[in-house]
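Comments concern the structure below.
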């Protein structure tokens, strides 16, 4: 076969022209030690704090420690296959997660990957997990109500949009129940809810998701789960992932509600990370910056000013106490960061008062200005009556012969406590709450035994729904009780009193 010089030169020219000059430069390092979700890497001299790293097998990591000769990183995923000597690549990006409407109705893990078996999430928008909270100028004071549907909270510890209200109590006192009821109560409204489960059993998270689905609440809810079986880095980052997703709605002129269940477990995960990274321990072996861990998270919940779009992000963090000790390190930290707390007591819970809210220790520092006028009108008397009842009840234990006025006050107090009880998954709209508290304050319940009050309440709602719907509509729309509306309420309640038999 004859070789022709022109053909050979043609082939060589073609090869030269098609030769790719692209050169990819990536900074890599070598793992020098790994264990418990923490890797120490040598050779990443240019790494940034919080930067995303690429480990073998497609696993991500996040830079936490920058030291002279090595970098400490938390591995965000399964690290069983990663070993010493493996190569780690820098990405040049700060850790980010997917955000947007595509996530609504889904269950995702701590880095935003779907875990509900419903296929991939088609979101092209990503946001950084760690960003600064809005400044003072970008904010507005809380002035719109965030209704929970729970009589005891909406009347005496009201929450506003953009507020941070702590739910605190021992285990098994109904903390998650309060949070889940608040999510269910947003049905038909304009609030997107995010439920972040940190360090919980998978069965518990599955139960919450099935309850939300059953009540049609998953249509406007995102669930972020970092369960007890997952590594400490994932439990540490999950709340930041959740708040990043919430901020997307806040910054797009919408309203969002986020629940962290619970931050005690996040603090424990962070303590584990810090000790493994050899950071010096402080009180209760927590690192010195555990306050900053929670403050930078909760400061991202706020009500934005009209110039910034008037969106809001409301946070309900949950803290679990040990034997009612609210003066421990983490509880006092979070109490000082938030705008109030709902304190749930195990004694009340076991005595049948559910939600088990201790009204004396619970407070809302900014929610009062967000309460509807009608609720404010009836709740002022309610709080006073309950406070007097508790004082009287304490003294009544010592004396047997009580005068008529004291007996009446004790009887009224018992009925108020009874009327504030509420079954789980049954939130009540604002106008019906106002109605029943108005009836209690004005002595309509005094003639009936405490055992008949549940029946009274159910039949009262049915009576107004069927025969006095216009009064309920007026209560809902006016959101204040004027003289004419008060007269209508009194006449309707008098009519109901004649018909009701205990």
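Numbering starts at 1 and runs along the chain as it is shown here.
Using N, Cα and C of the backbone, Cβ positions are placed for all residues, glycine too.
Under the heading ATP binding site, Swiss-Prot lists 169, 170, 171, 172, 173, 174, 175, 176, citing sequence analysis as support. Sequence-distant contacts of residue 174 (ATP binding site), defined by Cβ-Cβ distance under 8 angstroms and a gap of at least six in the same chain, are 344, 349, 354, 355, 356, 424.
Annotation source Swiss-Prot lists site 'Required for activity' at 362. If you take the C-beta of residue 362 (site 'Required for activity') and look for same-chain residues 6 or more apart in sequence within under 8 angstroms, you find 156, 157, 340, 341, 342, 343.
Same-chain neighbours of the ATP site beyond 169, 170, 171, 172, 173, 174, 175, 176, judged by a C-beta within 8 angstroms of the site's C-beta center, are, in sequence order, 320, 344, 346, 349, 356. Taking a C-beta cut-off of under 8 angstroms and a sequence separation of 6 or more, residue 176 (ATP binding site) has the following same-chain neighbours: 208, 261, 318. Annotation for the binding-site residues 172, 173: lowest Cβ count within 10 Å of the residue's own Cβ, 172. The binding-site residues in question are 171, 175, and the one with the fewest Cβ neighbours inside 10 Å is 171.
Cβ neighbour counts within 10 Å, taken over all protein chains shown, single out 169 as the most crowded of the binding-site residues 169, 170. Following the DSSP three-state reduction, the secondary structure of residue 171 (ATP binding site) is coil. Annotation note: residue 176 (ATP binding site) sits in a helical segment as assigned by DSSP.
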